[in-house]
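Right, one structure below, let's go through it.
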Amino acid sequence: MSVLDLARPEIRAMQPYSSARMEASGGEVLLNANESAWAPVGDDGLGCNRYPEPQPAALVEALATLYGVRREQLLVGRGSDEAIDLLVRAFCRAGRDAVLIQPPTFGMYAVCARVQDAGIVEVPLAADATLDVDAVLAALTPAVKLVFVCTPNNPTGQPVPRTELERLVQALAGRALLVVDEAYVEFADEGSVADLIDRYDNLAVLRTLSKAWALAGVRIGSLLASAGVIALLRRIMAPYPLPLPSVDAALLALSGWGQANAREHLAVVRAERTRMCEALRWLRNVREVLPSQANFLAVRFDDAAGAYQRLLAAGIVVRDVRRYLNLGDALRITIGTPAENERVLAVLQETSP
Ligand SMILES: *Cc1c(COP(=O)(O)O)cnc(C)c1O
């Protein structure tokens, strides 16, 4: 059985939109897409009067090399948020199918499921915030088409061991697509599971340039999956998802110069994460700092609301995650520059009686 048998049959059957750029490329005089013949002011050779390539070849090539997959195993879109949405729409029939998530986790899986009117099966993380694979398998119903696993998890920061992910993808074969969200994997000790895509066609991996690559404002994310899943999602994706200036910025970030810059900042974040984790643990108001492999720390306070307000009064905005399951006393603090982190500590020390 192919993983495509789990997808919505009407999506597999439909005739996708065929854009001008898909039907013909090359040529010198382009009169097929009703574009302007003149570049806009300040265009600087970018050619923004023309529609962009649906999947820009140079960017796909650079990302496939970076992530160690073949080009046909990669879909590039507007952040990994777009891929989450496309997956839910391609695999979940409204009112019938479902996704499985493990709260507390990233909110977009549930939001996309609700927009599609898909069900949401929740299997809470264990008390120590680790994933319980057996509990996931026990909760699986025939309606579940997608199982989302975030590793390291947002907002708790723990990774899921590769052996557990492999056990899960094997058990889900023929039943559901496992979607491993690796938005923070660059910050973690353990690497990506993208190399397993060749072995399991029911595995998909989400990667993004929004975090370690410092391009949240550029909106570029990737889905790595079997060529069949990628081709299926392209049928329902917007015809020209990627703005030319974004593609340009991403290519620069992925150049040798850009990669050296990103690596430098990654090392700072990892060192600061260790330092902040230790320093926060000593504060009297802090109950616990969850061990994190991401670029943030989930911190439990005696008075989380008070800590949030005092940080805010000092001009520091952190994420209040108290509404998440089992995080009723927690704030999520992103690792900033060393000077920014120092300011966080100064405010929390001052107010730790
Ligand atoms: C930030 C984040 C993303 C990335 O979203 P983009 O749309 O690529 O910016 C994806 N998943 C998780 C868990 C995140 O925290």
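Even glycines carry a Cβ here, placed using N, Cα and C.
Worth saying up front: this structure is predicted, and the values here are computed from it rather than measured.
Some features that TrEMBL has for this protein:
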- 45-347: domain 'Aminotransferase class I/classII large' (DOMAIN)
- Lys211: N6-(pyridoxal phosphate)lysine (MOD_RES)
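Taking the domain 'Aminotransferase class I/classII large' (45-347) as a whole, pLDDT averages 97 in the prediction. For the residue listed as 'N6-(pyridoxal phosphate)lysine', the Cβ neighbour count at a 10 Å cut-off comes to 21, with all displayed protein chains included.
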